[in-house]
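What follows is a short report on a single structure.
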Ligand SMILES: Nc1ncnc2c1ncn2[C@@H]1O[C@H](COP(=O)(O)OP(=O)(O)OP(=O)(O)O)[C@@H](O)[C@H]1O
Ligand SMILES: [Mg+2]
């Protein structure tokens, strides 16, 4: 990335111009595709936003975090709660709208990031990974603690902010007829992209299966595995009804190219495509995040992070505070995670513990490792991979007539194996490997000339 | 008051299982300086192997034995995968690799045995024991769990203190160079450690399975509890792992009993954060941060 | 007898040893002396199998020991006491010693331990204590004892004097002298502290920047003033 983009002029202006051009191009693309593609674009942009933070945290500052899904939960819940409770409250004379909630989500993300970063800065690798693992499992469980405010196990439906700045409440009956897929128990715990996996087998529910649940009760609570979230999966998914092609719900609609636009029904007639609007939002947020990240990563702060990662003692000797560097990396990555979480909440029109479980955290790790741990471009590629692979596997499965059990787990098996392979053979991920290849070729070229 | 004590008693067998899983983490940390986050994935896999064996043969003991062997084999495979990034001193890479293995193993379990939670047949009486005119919150099965755990812990401590391989394992963990110069084949010893951890994890999985259900992600929460116990115990200390594991079991049982089980992970998170804030090297950690 | 022929070692572009040839006969102490960074530790680590040489070889009684693993080299009869306190502080004295002969039969190990206790009686007294409770001199004795547990034909000692009081260094080197005389073991001793080392040694070798600049009877080297000024800095 760094070698590809080198602007002669002011860095800030260069980055701004670059990001605006990208934003413009993707927005154009977004306007010219069907709602299903809009939905995919939204997911990729959402992942990319969160993974810009992972690049800074894991790649640049060398702190392996599994907690960014939990940080997304912070953003998502702050968004949901503020937009549900405060939507009639104007701030500074400006009526409440989605951006206010986004701002609150961002602030919430930074605050939580500073808090966790403060603890994390003192910890070495595995301790940090374990603490963030605890976050990934513990934070979504907080929702259970405050069922009135946070909706408990079944989560919160949120109203979709329409572009005019107002809110149209989601009509319940539109979503009630969503089908309950039988196999959602199999849904991957990592791959979130497809609708059915959105609320993946609820990580928290497994708790009920833990013997502590009822120490004195004799019978194991098998029925606990029938998750109420299985029902919510589709019901809460606004796109489910709008576009018949709610991805990968039933086998017949898997063919991406031939999505039936007419299925989108009323909303298209009304000239407003919710997926397109959501994708636009996600793209915009991703571009803002990219602009911030570019400036940080390629500026002084980026050098500070790398110096601390490579040798914190040497960095300290040269006047850098390793603790400050680590905390700031955490805060920035937390900000991005919170923004992504707020976007995710809007894409789903829902927040719930299952949507932000360990699986989400793991998928962020997978994406950033595969794309390239220390490259912002890698984050984008990782996002593409996270969205594309499950769909690709699904199309293979349809052609090959795979059993559901195989199909549902294949993406994660591939992710897991790929992650191990990348760490073993190409630690730089896709971007790192391409860079290595390019540098080999270009280094050899002058000799020949 | 009675219920308070009942919850404590009921928590012991959970604590035993957490302790075992924590021991597995500690064994590998001591030997290789890696926290094996894939441990619960391995345990889940071997538990499903055990389930299959038990369904076919009806023998709990045979199922346990097969799971232990499978655990050893899986442990060796995972070590092989993590070794290379460790050689490059890529600590992040090693941690990430263990998560990669975890993801892949959970998916593999889902592929082979399905993603739905399945009941694991209860091999012993799981009803509360009736004695002294009341029903106690502990069953024959709980006693088996506690007994097997004690047996394993004793066997491990004898292994470490009384045998040559135990001494070789400790020496290799503390100072691999001196161990090699003494003629210890360190890489083999480390592999043995990973296999041993796999065995211990497999036992934990089989023990916990009947009182819960099994599905690919059931043990995720166990990983958090075990890691919390291992970290508070100092990561280096088997005694610490056992003590804190049992303690964690009691706390979780209390929290679940007095409020609701959904709070247990939050409590684990708070315990973990508090312990890391106050003592980043654990309460049983006997030496200061060793240069990794 | 340990014969080192044309041994060359490089760490990437850095050449740490260049064509080093030394022979260490049984029952004798050969002292390699040289300033910081002369390549002394590199020589020892290469002989013990921790570093692979780029050229040359070393043999023990005709058997090639270079390019083998440290574990195998110990079994062939070459034991290294590395620089610094090479004991394991978390283990007891007895365990540290047991470790040194772990690969041997139990009866051999017992016999070796008796010999070590005979040579270093203080270790027998401290058997059950953790190694980190020992004094510096006792720990160095333990380190040597651990190496002796493998019943080596050749003992490699890397700067045993490091950080020890001169009196204790003399005591330890006296014991090493006794060992060489009694057991006919070949001792290769590396020291920056030339005076003491050369007083105990039979042969002296001066190493500078990876090359041997002088070999000869220890007493001659010790009295060669030019050599001292040029390479040993006193
Ligand atoms: N692992 C290594 N990688 C690169 N260079 C090394 C390494 N070990 C030693 N060197 C270099 O090789 C040279 C010889 O080092 P060596 O440790 O053998 O010296 P020495 O004589 O033992 O010094 P001292 O008296 O300080 O122990 C030095 O220039 C040192 O910097
Ligand atoms: Mg040296």
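Every residue gets a Cβ built from N, Cα and C, even glycine.
Since the structure is predicted, the reported quantities are computational estimates derived from the model, not experimental observations.
Annotated range for transmembrane segment in TrEMBL, selecting from A:256-276, A:277-297: A:277-297.
For the ranges A:98-120, A:167-189, the feature annotated in TrEMBL as transmembrane segment maps to A:98-120. Against the transmembrane segment (A:354-371), stretch A:127-146 has more CB pairs under 8 A than any other of A:12-30, A:127-146, A:277-297, A:327-348.
Counting Cβ pairs under 8 Å that are 6 or more residues apart, the transmembrane segment (A:12-30) and the transmembrane segment (A:277-297) reach 3 or more and are in contact. The transmembrane segment (A:376-394) shares the most Cβ pairs under 8 Å with A:36-59, out of the stretches A:36-59, A:277-297, A:327-348. Using a cut-off of 8 Å between Cβ atoms, the transmembrane segment (A:327-348) and the transmembrane segment (A:36-59) share at least three residue pairs, counting only pairs 6 or more apart in sequence. The stretches the transmembrane segment (A:277-297) and the transmembrane segment (A:36-59) meet in space: the count of Cβ pairs below 8 angstroms, excluding pairs fewer than 6 apart in sequence, reaches at least three.
Comparing A:36-59, A:66-86, A:127-146 for CB pairs under 8 angstroms to the transmembrane segment (A:98-120), the maximum falls on A:66-86.
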